[in-house]
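A.B. asks: Quick one: structure below, then a few questions.
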Amino acid sequence: MKRHLISAADLSRDDAVLILDTAEELARLADRPIKKLPTLRGRTVVNLFFEDSTRTRISFEAAAKRLSADVINFSAKGSSVSKGESLKDTALTLEAMGADAVVIRHHASGAPHRLATSGWIKGAVVNAGDGTHEHPTQALLDAFTVRRHLRPEASGVGQDLAGRRITIVGDILHSRVARSNVHLLSTLGAEVTLVAPPTLVPFGVESWPCEVSYDLDTVVGKTDAVMMLRVQRERMNAAFFPTEREYARRYGLDGDRMSRMPEHAIVMHPGPMNRGMEITAEVADSDRCTAVEQVANGVSIRMAVLYLLLGGNESAVAAARTEESK
Ligand code: NCD
């Protein structure tokens with residue numbers, strides 16, 4: 001694996017399967033009364049959040065703490081960033097505090113790449129979502145969720161998603177989750193189809209490893225998982241569709257559409273959900289919707305990523321046992 005995790009496109013099939021398998025091993029911890037491993041004792045993880053987040057920030061914090069790392073949470077609101085401090089000066093401050101890993105979310109696409117290649121900090125950089133570019137740990141936790149549901153044999157360890165059909169629906173144009181998922185799921189062998197109104201399909205999508213459709217009804221009957229995306233109003237500077245009602249009617253998932261999915265197929269959502277827009281409350285609350293499970297899986301995936309980037313090269317749980325017996 002590379003030293004940083006900036007883009008899902010940087011992961012080979014073997015890297016991705018290693019992360020999924022390590023997460024699988026670490027997920028077993030969640031069933032133990034004491035969830036903590038001593039693996040990253042003495043290491044410092046900084047969560048550097050320039051953009052709002054609920055799930056991702058809490059999840060990285062829980063992951064680092066379960067591995068016994070020291071965690072520093074930085075959010076731009078209420079910091080000197082509101083006084084105009086640059087990314088460089090913020091990074092130099094973190095470096096002075098001895099960060100072994102920096103998890104960064106930023107409204108500018110490319111900010112994590114800049115941090116990783118600038119030489120301002122020495123630690124590993126993990127992209128927790130940059131602008132409309134990428135969100136690789138979200139794609140990993142999504143792949144983990146799909147693998148658990150669709151390859152239940154021995155939790156799917158060692159396996160990829162060959163032949164699985166995954167449909168990603170909605171605001172693809174502004175979605176870093178969609179970009180990362182297209183790369184990762186195709187690397188893992190899945191067949192990905194994007195469904196969106198033509199105005200929300202990115203320019204240059206022909207070169208992406210996926211199919212594109214404008215009609216959800218023709219796709220739902222032939223899919224193993226449907227991933228619904230939030231309409232990202234905060235990134236929209238124009239009218240991309242006539243009305244919310246029209247959007248929900250053509251591209252939303254309601255109970256009727258869900259009933260036309262194959263029986264084993266699951267409904268995914270990265271959160272936050274706009275109930276009534278891309279997904280109805282009936283679907284969001286149904287037992288086919290994995291949104292809450294995705295959040296739980298996110299902790300295991302982020303533990304695996306931090307463990308592997310901070311130098312773990314043996315089985316994560318075995319390494320912890322050796323530490324515990326010292
Ligand atoms: C996504 C994000 O921030 O990119 N959410 C998440 O990380 N769970 C998707 C979104 O904001 O709609």
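Cβ coordinates are placed from backbone N, Cα and C, and glycine is handled just like the others.
Pulled these from TrEMBL:
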type	residues	note
BINDING	ARG55, THR56, ARG105, HIS135, GLN138, GLY271, PRO272	carbamoyl phosphate binding site
BINDING	LYS83, ARG176, ARG230	L-aspartate binding site
DOMAIN	3-147	domain 'Aspartate/ornithine carbamoyltransferase carbamoyl-P binding'
DOMAIN	163-309	domain 'Aspartate/ornithine carbamoyltransferase Asp/Orn-binding'
A.B. asks: For ligand 1, pick out the binding-site residues THR56, ARG105, HIS135, GLN138 that have a CB under 6 angstroms away from one of its atoms.
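C.D. replies: The qualifying binding-site residues are THR56, HIS135, GLN138.
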A.B. asks: If you measure from the CA of ARG176 (L-aspartate binding site) out to 10 Å, which binding-site residues from the list ARG105, HIS135, GLN138, GLY271, PRO272 are inside that radius?
C.D. replies: HIS135, GLN138
A.B. asks: What binding-site residues in the list ARG55, THR56, HIS135 lie within 10 angstroms of ARG230 (L-aspartate binding site), counting C-alpha atoms?
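C.D. replies: Near ARG230 (L-aspartate binding site), where near means Cα within 10 Å, there are no binding-site residues at all.
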A.B. asks: Could you put numbers on the helix, strand and coil content of the domain 'Aspartate/ornithine carbamoyltransferase Asp/Orn-binding' (163-309), residue by residue per DSSP?
C.D. replies: 62 helix, 24 strand, 61 coil
A.B. asks: Grab the carbamoyl phosphate binding residues from the record (ARG55, THR56, ARG105, HIS135, GLN138, GLY271, PRO272) and give me their largest CA-CA distance in Å.
C.D. replies: 16
A.B. asks: DSSP on GLN138 (carbamoyl phosphate binding site), three-state: which is it?
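C.D. replies: GLN138 (carbamoyl phosphate binding site) sits in a helix per DSSP.
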A.B. asks: Does anything in the same chain, at least 6 positions from GLY271 (carbamoyl phosphate binding site), have a Cβ under 8 Å from its Cβ, and if so what?
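C.D. replies: Set apart from GLY271 (carbamoyl phosphate binding site) by at least 6 residues yet with Cβ under 8 Å, we have THR54, ARG55, ARG230, ALA291, GLN294, VAL295.
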A.B. asks: Neighbourhood of the carbamoyl phosphate site (ARG55, THR56, ARG105, HIS135, GLN138, GLY271, PRO272): other residues with Cβ within 8 Å of the Cβ centroid, in order?
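C.D. replies: Once ARG55, THR56, ARG105, HIS135, GLN138, GLY271, PRO272 are set aside, the remaining close residues are SER53, THR54, ALA128, GLY129, VAL177, PRO270.
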A.B. asks: Quiz question: given the binding-site residues THR56, GLN138, which has the greatest number of C-beta atoms lying within 10 angstroms of its own C-beta?
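C.D. replies: Answer by Cβ density within 10 Å: GLN138.
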